[in-house]
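Taken verbatim from Swiss-Prot:
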type    : residues                       : note
REGION  : 1-73                           : region 'Domain I, interacts with DnaA modulators'
REGION  : 73-110                         : region 'Domain II'
REGION  : 111-327                        : region 'Domain III, AAA+ region'
BINDING : Gly155, Gly157, Lys158, Thr159 : ATP binding site
REGION  : 328-453                        : region 'Domain IV, binds dsDNA'
Amino acid sequence: MELSPQDLWTQVLERLQSRLPRPAFDTWIGTAKIEQLTPQYLVICAANPFILNHLQKNYLQIIADVVEEILGYSIDIQLTSTQGENIAIVGETQVSAYYPTLSGEHPKPIKLNPKYTFSRFVVGSNNRLAHAATLAVAESPGREFNPLFLCGGVGLGKTHLMQAIAHYRLQMYPDSKVFYVSTEQFTNDLITAIRQDSLQSFREHYRTADILLVDDIQFIEGKEYTQEEFFHTFNTLHEAGKQVVIASDRPPKQIPTLEDRLISRFSMGLIADIQVPDLETRMAILQKKAEYENMRLPREVIEYIATHYTSNIRELEGALIRAITYISISGLSMTVENLAPVLNPPVERGEVTPELILNIIAETYKVSVEDLKGNSRRREISLARQIGMYLMRQHTDLSLPRIGEEFGGKDHTTVMYSYDKINQLQKKDLDLSQTLSQLSDRIHLASRTQKTT
């Protein structure tokens, strides 16, 4: 019996779904449609030229194999996209291998969040390119996007995608040398190597990676020796065809004091920007998060949270956790009326000034503004000063040197160190994370009050 084009494609999808990892199937295969079937060839339509190109390089062989299994004979495969680009594939000689083989003996990466996988990442219009690019890198490192530079604000999913690459690659190839490090860790390793006279060991460690994932690269600004060492590490890996993925809160050209040669290297691949998620994506994120927490949320609650928490995913998920915790403790039903008081959605924000932050920090930690601007190393003053620098960088557009000036003329490297330290601590210390959230709320409330007076 002769198959219709749609019947053939349905069978192709069923077989591919059982053979491919779910993220790969959903991103590359599931979005494609069959356009034409003749006795000589099959035309497949991809959603856009980006997906078309990846299908051509990585999936035509397996599609051709499945089509031949179903039909009992081979036919040519042609690709087209909804935007009019076409690639003709005649036979199997032009089809790329499905997965390249990597070998290695290095230990697996450490400190990966088990939740940061592709299957738990919610794709929306704000992050579709970044998601597709990271998945492409995970499947075929060193081929299409090298380096891959992810940029976007705090809490938008850059770290999630970077660690998803590591999880995916290690699941497929457990012996792969995949290194995930923060810029702070790279710098600390370099400092330790210098102190212990073991620079060669440091270089051999990083320069034998198959995939190097470096988070928060913006903190390399002002660190001249770290930039020098990273430049040579980057070159060694890139020339060997190894994959480098970098994440930052801003594009390369906007990182202060970053050397031109690094800006050039970081810009030579793909720069994928991650934007703030739209309402539909925020609702999907909340729904998925609730499912993982085994909670059923009414649609009106999801819509309420998604409507009022718009800045980033971290803020959004934090609101959901507060809601679930409150309902669990109080025993109340999950309604907007019951949750509205505890959620306290953020309001319109006014201008946040350095003076505002200094005064709030001084009041909270019972120190004076002069203490914050001074050089005292007393633990309580030093911590308050570091938190103040962290919050000033988070909530203002001031440069590092300008923030240093607001704290009594501190060097920009001191500001960088303080930001790095608090940023790392808050990821491990729940109390500190909550304190920072509360301080941020106070800053925004005060700025709004200041705006209306």
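Here the Cβ of each residue, glycine as well, is placed from N, Cα and C on the backbone.
Counting only same-chain residues at least 6 apart in sequence, those with a Cβ under 8 Å from the Cβ of Lys158 (ATP binding site) are Ala130, Leu150, Cys151, Gly152, Asp215, Ala247, Ser248, Ile274. For the region 'Domain I, interacts with DnaA modulators' (1-73), the DSSP counts in helix, strand and coil order read 45 helix, 11 strand, 17 coil. Taking each Cβ in turn and tallying the other Cβ atoms within 10 Å, the top scorer among the binding-site residues Gly155, Gly157 is Gly157.
Confidence for the region 'Domain IV, binds dsDNA' (328-453), expressed as mean pLDDT, is 85.
Taking Cβ-Cβ distances under 8 Å and a sequence separation of 6 or more, the neighbours of Thr159 (ATP binding site) in its chain are Asn113, Tyr116, Asp215, Ala247. Taken residue by residue with DSSP, Gly157 (ATP binding site) is part of neither helix nor strand, so it is coil. The record gives Gly155, Gly157, Lys158, Thr159 for ATP. Within 8 Å of the mean position of their Cβ atoms, the other Cβ atoms in that chain belong to Gly152, Val154, Leu156, His160, Leu161, Ala247, Ile274, Ile313, Arg314.
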